[in-house]
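As annotated by TrEMBL, ADP binding site applies to A:150, A:151, A:152, A:153, A:154, A:155, A:156, A:157.
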């Protein structure tokens, strides 16, 4: 039987951390119908009151990362009053850091979103990545941290964007049998070039859906099994000839592909160091 | 005095949750030089051994989200052996869910990255957002969830990408005094249109840096204070005339701007419901 569960995510910052934590923890349970109440940027008394009203009207688990001490106390008192289970999701980590560093945690909401050098580097990575999607502006590839190569619909674009959000300048280039990539691709020194591949059947399926969704009849080489097989073989040969690491995305989510790429980039950096 | 701290982030999934948690918790402490050891996708014994080797060689705080029970036990035993403080970062939330739902947590690594409908909707949102950056393909704006309008360099693109990662199909359109946007913009019903603005001085500074970084002399209207002032006034009038909510991005990070936008979108949805 499916259980209904209200979850209140209350944060005086963006609520991004809470959102990620809740998603990861909820994934370990079955048969629940989760109603998610997102309360980011709760900083004023009026914000707090509205949030507490919603909690009382929809009782359930309260997860919070309230950093401001007064607001935290108000929230926790309200949870007790309404008999709601509340978890301060970051406390175990903050406490461990506090005792290791012999330092009390500062009560500064939104402090992780400070506009520092790392922040601007990340914004730069996003701009770079968008400007180097799908083989465009290849003259600047040398500036990239990562270059992804793969045939059409091997999730190059979303993977690039995800990597950009993690701070990696990422370019991607489609591998097309009839049109060889610019020579520059084979001569890159700074970026790590990575080949993405997938299974024939999966690719045919994804492409067929793609064609249907744009209203085209799926009867070209683009979705022909033999043609797709040749295309993937061509790409794999290119990857092998150049000694590029290859990731099979068949059963991987974007996040998992990206994590595998970051892992590869790290081991290369360690070897170079 | 700056303290050096090694942090090991060990996950049998992508490590994304850990990364977010560590960032948020570390932001509450001062004067630390953090050396971050990222160990995602730790699933095999060989992976574990390598990780434990690195932990022993660089002692510090171990944060983990190991879901597989055997690997978790091995890791925790290694931490005790090497006398390293270890925190299972998701445990408080998982435990609270477990007792609320009367259900034990499943030991399924990477379960939040299951390729479900929400996942594909998010990938779609990313594709849509990239295809609708900077006013392109405005014919499809009605399909967007959010449309951002603002003059050049008000962080429309990175904010759009961030919102896409959160599952919102986002289009953005530059407000240019000399070239009015397509009429369609004023007639949208599904998307929420939001105006982004910023302070004159901040915008001049950002644009000046931009011109320098692309090797152009900063002596055009693009960075002239009076011209920029007129440009921003023009945009603000457009936002007001159409009753679009406005966000001032001057001292906001992308994440904070996005959180404010999500909050606006939620309150509108509540009003419509």
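The count begins at 1 with the first shown residue.
Just so you know, glycine gets a Cβ as well, placed from its N, Cα and C.
On the structure: features taken from TrEMBL.
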{"residue": "A:150", "record": "ADP binding site", "CB count, 10 Å": "24"}
{"residue": "A:151", "record": "ADP binding site", "CB count, 10 Å": "22"}
{"residue": "A:152", "record": "ADP binding site", "CB count, 10 Å": "16"}
{"residue": "A:153", "record": "ADP binding site", "CB count, 10 Å": "20"}
{"residue": "A:154", "record": "ADP binding site", "CB count, 10 Å": "27"}
{"residue": "A:155", "record": "ADP binding site", "CB count, 10 Å": "22"}
{"residue": "A:156", "record": "ADP binding site", "CB count, 10 Å": "27"}
{"residue": "A:157", "record": "ADP binding site", "CB count, 10 Å": "23"}
Short-range binding-site residues relative to chain B, from A:150, A:151, A:152, A:154, A:156, with Cβ separation under 8 Å: none
